[in-house]
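Notes to accompany the following structure.
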Amino acid sequence: MTWFDIMVPFVVGLFYLFVPGLLIAVAARVRGFDAFALAPALSVGATIVGAVAAPALGITWGALVPLVAAVLLACLLGGLSFAAVKLGLWDAPGVHRSQDAGTGRSAERQVAQGAWFSREQALFWLSTLVGAALLMRNVTNALGSPEWISQTWDNNFHLNAVRYIENTGSASPMTLGAMTAAEGDSTFYPGAWHAMVSLIFTGSGADIPVATNTMALLVCSVVWPLGVVFMMRQILAMRAPGVLVIGALTASFTAYPILLLDFGVLYPNLLGIALIAPVLALVAQLFRTVAVRRLATVQTLVLGIPAGLALALAHPNTLMSALVMMAPIFMARLFIQWKALMGGGATRVNVAVTTLGVAALLGALYVLWLVVRPPEEAGEMWGPVLSPAQAMGESLVQGTMGQGVQWLLLVLFVVGLYALVRTRRAPLWIFFSWVVATYFYVAARSLPWEDDRYFVVGIWYHDSFRLAALLPIVAIPLMVLAVDWLAEKALDVRDWAGTLGVSRETVVAGLAALGVIVVGVLGQTAQPLEDQVEASYIAYQPTDNSPLLSEDERNVLEALDDFVPVDSEIAVQAFTGAPLAYALADRKVTAYHTIYAADEQTWYIQQNLNKALRDSQVCQIADQNSIDYYLDFGTEEVNGGNHVGWYRGYEDLPQSGVLTEVYRSGDAVLYEITACP
């Protein structure tokens, strides 16, 4: 199968990522590039609203649910926007001095007028296309082939969850966790990723691995660069060289997006992190801590609600990541107000209200900090591995997770810091947001358990991979600022237009092209990036010794339709790829994920199946649950663990006389349980 064969699922994915969100954006009076850039976050928000509401209303999950949810949200938010305009609150509070707005623009021109297309927008579209093209190359190389699967720990759950949505008719995050939870346990699981994949799966006819890889390709090569370009458009005023290099930079990091395809596999974080940039931009526009204001107050509020919901239900820790990176924006707004008060440009009442508001936001963040976290033992395997200095060094050289120095990114980062301090043309909160994100990454890599490691990084399971993936979001603005500043200096050093006999616009265009070529070539040929793409390829490539699902094992799963009735259940060992019989063949299994809660009957089968000839309870349970087959995929586990004690009933099972071989491919075997009459 080639990547050209996924055209149908790709188009279906584009439809669900853009159409619902565009309805909402247009209702909020957003136009052009900004509407398209916000659409994925809004679409995911609408999808998750529909997923939660549908079961409560007795509606089965399907293709129309996200669209209906989007129409209803568009009507609601459009109505609020209309009312705000009529009441004169569209861009409240009004300002009388540019300092009050936090921008260099006058009050009369504080919000730039939007349009569906303009020459300025064309540059942002071109930058996005550059990033998309480079990322499509990298991601397809990293994934290998559309039908390959990630050979990692979490993939049993992620693929099976899509099948579970289809079979239960519900994509609600309130019930998705029931697939692996014990009776009485919480069934919540942030299922935005799985809901979106299910729409591609059912809407295109592609199988679940292909639908999953299509979604990964869309998130990495479309949603991510579009969101970052949108963020830069909202927070900085840039010349063409700065604008055009943004897309190339989004494709130059090892930390995101390829790292999260390789490790985990962390699909929910992959989606959530791609949505952080546009949400940060909305908040920066709301607090007027930007170089150019493009969105009115009410627009940022009504769009921020579904976009924030999308973050929370992609994964709660991506919402928390966004919130901690927003904290410097809150403080910047407070600083602006106090500075305006000192200069006579703000009243004491305004400053008091702002101070109380920021205090309330930080207080709410602290409460969420205490609540939105998994139990400590959930990430107990991720302890400190470096000294603080080593971890800080990784962050500075853009070589997180030991990937090695990325020299181009390092140089641009350092120049960007210099330009930020020297020119004061960009909001300083950009730097402090990088400091915040870097602090948590360094803590995850180096903070000992006894120094409150759980309190500091427990939200992210103490896992530095998730935190490393955040750093490009806050490093790219400084790198773009560097390119923009270098272009300005190049223009000032000599009258290139006169020397070359061309217009100044032509010189600027030439510098922009040069910047894209330099960043594109040096960024894409950097050894750490090439190594990360290769590592991901290896994590997906099926072989005879694949850690989750070998070629022989997949052959057996693909043959299940020929041998296993649709109402039969299959006994499996959860730490192999056998649970994927559910995702790939739609056959029930005794375990759907490596982390699962076995009920009493399942546990009894796992402990005693090899005794079926002399233990009548085994056959009684097997008959009650239609456990008629057993998949023997060996005892080697996906992460090299040892859970033999969980499966004493599978020891020497082929020699016990309990089974009859049905189908074999190499060492992978499907057996029928024939000991029970």
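Just so you know, glycine gets a Cβ as well, placed from its N, Cα and C.
Where the annotation comes from TrEMBL, it is an automatic prediction and has not been curated.
Residues of the same chain lying 6 or more positions beyond the ends of the transmembrane segment (6-28) and with a Cβ under 8 Å from any Cβ of it are 34-36, 38-47, 66-67, 69-71, 73-75, 77-78, 81, 146, 196, 199-201, 203-206, 210-211, 213-215, 217-218, 222-223, 298-299, 302-303, 306. If you look up TrEMBL, you'll see 6-28 (among others) marked as transmembrane segment.
Cβ atoms under 8 Å from those of the transmembrane segment (35-57) belong to residues 16-22, 24-26, 65-66, 68-70, 73, 170-175, 191-192, 195-196, 199, 222-223, 226-227, 229-230, 233, 271, 274-275, 278-279, 282, 303, 305-311, 313-314 of the same chain, restricted to positions at least 6 beyond its ends. The transmembrane segment annotation in TrEMBL covers 35-57 (among others).
Using a Cβ-Cβ cut-off under 8 Å and counting only residues 6 or more beyond its ends in the same chain, the transmembrane segment (63-89) has close neighbours at 16, 19-21, 23-24, 26-29, 42-43, 45-47, 49-51, 53-54, 171, 199, 202-203, 297-299, 302-303, 305-306. The transmembrane segment annotation in TrEMBL covers 63-89 (among others).
Annotation comment: TrEMBL describes 122-140 (among others) as transmembrane segment.
The transmembrane segment annotation in TrEMBL covers 208-230 (among others). Long-range neighbours of the transmembrane segment (208-230) within the same chain, counting only residues 6 or more positions beyond its ends whose Cβ lies under 8 Å from a Cβ of the stretch, are 1, 6, 9-10, 13-14, 17, 33-34, 36-38, 40-41, 124, 127-128, 131-132, 135-136, 138-140, 143, 146-149, 158-159, 162-163, 193, 196-198, 200-201, 243, 246-247, 249-251, 256-258, 261, 267, 270-271, 274-278, 281, 473, 476, 583-584.
According to TrEMBL, the transmembrane segment annotation covers 242-259 (among others). Proximity of distant same-chain residues to the transmembrane segment (242-259), defined by a Cβ-Cβ separation under 8 Å and at least 6 residues beyond the stretch ends, is recorded for 123-124, 126-132, 134-135, 138-139, 142, 219-220, 224-225, 228-229, 232-233, 236, 270, 273-274, 398-401, 403, 406, 408-409, 412, 465, 468-473, 475-476, 479-481, 483-484, 487, 512-513, 515-516, 519-520, 523-524, 526, 528-529, 531-533, 536.
Annotation comment: TrEMBL describes 265-283 (among others) as transmembrane segment.
Only residues 6 or more beyond the boundaries of the transmembrane segment (319-336), in the same chain, are considered here, and those with a CB under 8 A from a CB of the stretch are 99-100, 102, 272-273, 276, 279-280, 283-284, 287-289, 308, 311-312, 354-355, 358, 361-362, 365, 368-369, 372, 427-429, 432-433, 435-437, 440, 459-460, 467, 470, 473-474. The transmembrane segment feature in TrEMBL is assigned to 319-336 (among others).
What TrEMBL records for 348-372 (among others) is transmembrane segment.
The feature transmembrane segment is assigned by TrEMBL to 404-421 (among others). Counting residues 6+ beyond its ends, the transmembrane segment (404-421) has Cβ neighbours under 8 Å at 249, 252-254, 396-398, 428, 430-431, 475, 477-486, 518-519, 522-523, 526-529, 531 in the same chain.
Sequence-remote contacts of a segment are chain residues at least 6 beyond its ends whose Cβ falls under 8 Å from one of its Cβ atoms, and for the transmembrane segment (428-447) they are 235, 280, 284, 289, 321, 324-329, 331-332, 382, 384-388, 390-392, 394-395, 400, 417, 420, 453, 456-457, 460, 462-464, 467-468, 470-471, 473-475, 477-478, 481. Residues or ranges marked as transmembrane segment in TrEMBL: 428-447 (among others).
The transmembrane segment feature in TrEMBL is assigned to 507-526 (among others).
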